[in-house]
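Here is what TrEMBL says about this protein:
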type: BINDING; residues: 180, 182, 219, 244, 441; note: Mn(2+) binding site
type: DOMAIN; residues: 269-359; note: domain 'Peptidase M20 dimerisation'
Ligand SMILES: [Zn+2]
Ligand SMILES: [Zn+2]
């Protein structure tokens, strides 16, 4: 436990783990380390001299930058919203982001398909020697010992939905809409990258390198995050942060949650087959309707006795089809449903368990069964320390702004990054405070433009908490 905790802290602090002992770099860390101490970790609050403080802090620098560039950033967001592209097709979106980054003196690295990342470094930083030259050595694209870079991720794809918002900058691409707020995410990260780059040019110090990942294809099952990771985007990265627009939360508020903030959502398709026959002679056939009914009623019940109820695991069937007439036993029937869970351990074991249970339920009926199981994404499980960092970052912007949010039953492929490194995702308030609160993935979803600047400041404030 000690080594694991120490490693977590070291990844976030970018500081030294010496023989399993962890050195914390501010009283802030000490305040929140009681949990670690209770778990038996050795914790010191020794100040670390090598950690450079950014003069005035990045939040201050970025806030000043925003005051000058607000119209520019708003224009970027509106452009991204006007020209949405669906998953894996973000060609123009990628080109636009790359163009803006290059205009600010940055050198984006394009992914093989769509999307890109960009690194921001302070070449005079004390830690650059450790972070440079090691990032691309790992063929698996995973973090390496000594990794120091802090990453921020935005997804950039849109949905196949016809927009009906009436916005002056509504989608110009028929049938495609940024209904999940990824235009806001991309504009936040773009503004943040440009603001930090400009701040560094004007003398701000970055004790650690930064990576901004503009990820494609979040909205589809074969999502972008695993590809982005396989392309090396996490190489040299120690921790990662992201935000997601929340149109039900007032703009200015930022929602946090330790642990699972989204859920895993898998899809199951169960096909039961038999020889078919007359309903007067079920003993000479195999009753597909009966077998399927057993599955639909017994499977969720048995599952609830095999899985910890605290895991928030829910199985619900949304479709069932079998037969066409009263006096004929059909040859096949199908039931389709979803399995959602808040617990990553359950997500890792639920598919084989379901296959076992389905087999046991159908076997006595004499029918055969074919199970098609489609894994979605794991839950986004926010690291405890990273969540504290986020909460403190929000408070530095506005002491009243931080709120606890419930776990969403939706999925998010940011979870794949957190399988490799610690980090956290927050909910960015986007309701304008008047009228109806729209929902994500709806044709009338609207995000308040002020959310973009707040998101940019939030990312800067996270860096201040990590570097300060
Ligand atoms: Zn979405
Ligand atoms: Zn989304």
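Just so it is clear, glycine is given a Cβ too, placed from its N, Cα and C backbone atoms.
Since this is a predicted model, take the numbers as computed values, not measurements.
Long-range Cβ contacts of residue 219 (Mn(2+) binding site) within its own chain (separation 6+, distance under 8 Å): 86, 87, 155, 157, 158, 159, 180.
Among the binding-site residues 180, 182, 219, 244, residues whose Cβ is positioned under 6 Å from ligand 1 are identified as 180, 219.
Looking at 182, 244, 441, the binding-site residues in this record, the fewest other C-beta atoms within 10 angstroms of the C-beta turn up around 441. Cβ atoms within 8 Å of the centroid of the Cβ atoms of 180, 182, 219, 244, 441 (the Mn(2+) site) belong to the same-chain residues 155, 157, 159, 178, 179, 181, 218, 245, 440, site residues excluded. DSSP assigns residue 182 (Mn(2+) binding site) to a helical segment in the three-state reduction. By the rule that a residue counts when its Cβ sits under 6 Å from some atom of ligand 2, the binding-site residues 180, 219, 441 yield 180.
If you take every residue in the domain 'Peptidase M20 dimerisation' (269-359) and average the pLDDT, you get 96.
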